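**Q** Feature list, courtesy of TrEMBL:
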- B:113-412: domain 'NADH:quinone oxidoreductase/Mrp antiporter transmembrane' (DOMAIN)
- B:25-43: transmembrane segment (TRANSMEM)
- B:63-80: transmembrane segment (TRANSMEM)
- B:92-110: transmembrane segment (TRANSMEM)
- B:116-134: transmembrane segment (TRANSMEM)
- B:146-168: transmembrane segment (TRANSMEM)
- B:194-217: transmembrane segment (TRANSMEM)
- B:229-250: transmembrane segment (TRANSMEM)
- B:262-284: transmembrane segment (TRANSMEM)
- B:291-310: transmembrane segment (TRANSMEM)
- B:364-387: transmembrane segment (TRANSMEM)
- B:399-419: transmembrane segment (TRANSMEM)
- B:446-468: transmembrane segment (TRANSMEM)
Amino acid sequence: MDQNIPQVIQTVPLQYYVFFATALFSIGVVGVLTRRNAIIIFMCVELMLNAVNVLLTAFSAYRADPNGQIFVFFIMAVAAAEVAVGLAIIVMIYRNLQNTDVNLLNRLKF
Amino acid sequence: MNSIILLSVLGLGNLFLGFLRSNRLLLPAAMLMLALVFGINLIDWNEGAQSYFNNMLVIDNFSVAFTGVVILTTFLLIPFSQKFVRDGEANLAEYYSLLLFSLVGAVMMVAYNHLLILFVGIETLSIAMYVLAGSDKRNLRSNEAALKYFLMGSFTTGILLFGIALVYGATGTFQLSDISFAVQNPINDSLQPMLYIGMLLMLVGMGFKVSAAPFHFWTPDVYEGTPTFFAAFMSTVVKAAGFAAFLKLMVQVFPAASAQGVWLPTLTAMCALTLLLGNVGAVAQTSVKRMLAYSSVSHAGYLLIGLVAFNGQLEGASANAIFFYSLAYSVATVAAFGVLKLVADQRQREDYNGLNGLAKTNPLLAFVMTVAMLSLAGIPLTGGFFGKFFIFSAAVENGYIGLVVFAVVMSMVSIYYYLRPIIAMYMRETDVTTDEPILVSSFQSAALFVLALLTVVLGVLPGLISGIL
């Protein structure tokens, strides 16, 4: 490893990272909007967050600016806290309904 | 900064109060803590801008004022927390601590100077609120509200973050003033589309958080299922902090003419749509709680007018108008939710008929509810009137006459649904379920009295706080 990591990242053009992250983000958005299982929706949200992480890391490496990578650490930490709360909520629902299908949640209507 | 440290420490301290197994101590202790934080927060008033954490967090008059609003709102709301969790085994101290921790997030949201702090603040506030929305664990409606709030909230966070990442890619910084500089002096024209898409995604993310149309659809469901006490917290503290953050983003980050070409049309359209859907939606409701939820959507519309008509600096007519409106709205909404919670706890119903004959059984509750409704509707001599007046006059000065006319028409629509609880309380007869007087504790009567008094004082002497920023 005589090359440092930013240089390795820079061997791929920046646009590719942007396209990749956008594709990953779009898959996440489509998943949230179409899937019916709460856990899978939740996984899609995590996919969106990871798309952001990829994008921030790539920009950070290209600009030789560590701020973006620090931001990624904060996103990871906050996402972990969010997972803890989110899974607790899903478990709570599973205890009451024996299911995690969001279509069963229709007690609150317009 | 003092208020952030103090709130975190007191939140932890409050957890230890739970070991005492004496739930009666918790409420006075929490009120004392909030009063202390409110006082400490005011020390920073007029001390000039103080920056912390390498200029990531800035405490100035703007942040002190909005911190004051959220802490005062929580202080006046907290007396209604009695019996807020039906689960007998629940440890109540945890809920008070979560409230204090979520206030830390609110303070960070009003004092941020770096997008990282904005993100961490929003999440600190939201994660605590996800837990509180589901605090009625065995009630399926509360479960559903928690899951909806959680999924919508984390989805929105993803969108906001993607926007932040794109803006970072286009400008190379998260610092507000540096982003603003980069927006006005673009290094590279090919990056402009990325900047605009990033801005729009951030706009969508913030729109979700403050429940502006077309991103408001989760609001009525979540508010209806959430225990009333926490619904009141969501519709006041979360909204006031969200709008302060939104205003700061608008004014400090994207003031350049080119950026406004993207922000302003989108924001104006969102504003008109929010006013329309919020007010028309509220008319159709039979549940008072759902009506208040739609009312909070429509008030987001009025506050958005203040954002559209901002005059380019945090000290000035627009910031003052938003500050005054947030305070008047929060006070009136806390009063309305407080009365609704007391009535709903005893009568076990949240529709308009549940309020029947309240004027005969509990004149104080009926009077406070009336003042709150009149203030929300914007009738003169209440705080809500001057809130609307300042926002509309700021908008007219900046030439948004069409928007103001539309907003005035919509606030006439709102009079219809705000008068319905008053008619139920004063003109309808009691029936079997509603002829018992509601039990009100002395803390609650005092809070209701202060809320009504504040609303009237803001309506009679608006000059006391209307020009402080």
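Even glycines carry a Cβ here, placed using N, Cα and C.
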**Q** Let me spell it out: take the transmembrane segment (B:364-387), skip the flanking residues so only those 6+ beyond its ends count, and list any with a Cβ under 8 Å from a Cβ in it.
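**A** The answer is 295, 299, 302, 321, 324-325, 327-329, 331-333, 335-336, 338-340, 342-343, 355, 358, 411, 414-415, 418-419, 421-422, 425-426, 438, 440, 445, 448-449, 451-452, 454-460, 462, 466.
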**Q** For the transmembrane segment (B:194-217) and the transmembrane segment (B:291-310), decide whether they are in contact, meaning at least 3 CB pairs lie under 8 A, counting pairs 6 or more apart in sequence.
**A** yes
**Q** List, by number or range, the same-chain residues at least 6 past the transmembrane segment (B:116-134) whose CB is under 8 A from its CB atoms?
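**A** Here the qualifying positions are 53, 56-57, 95, 98-99, 101-102, 104-109, 142-143, 145-147, 149-150, 153, 157, 160-161, 164, 174, 209, 222, 225-227, 230, 233-234, 238, 241, 245, 249.
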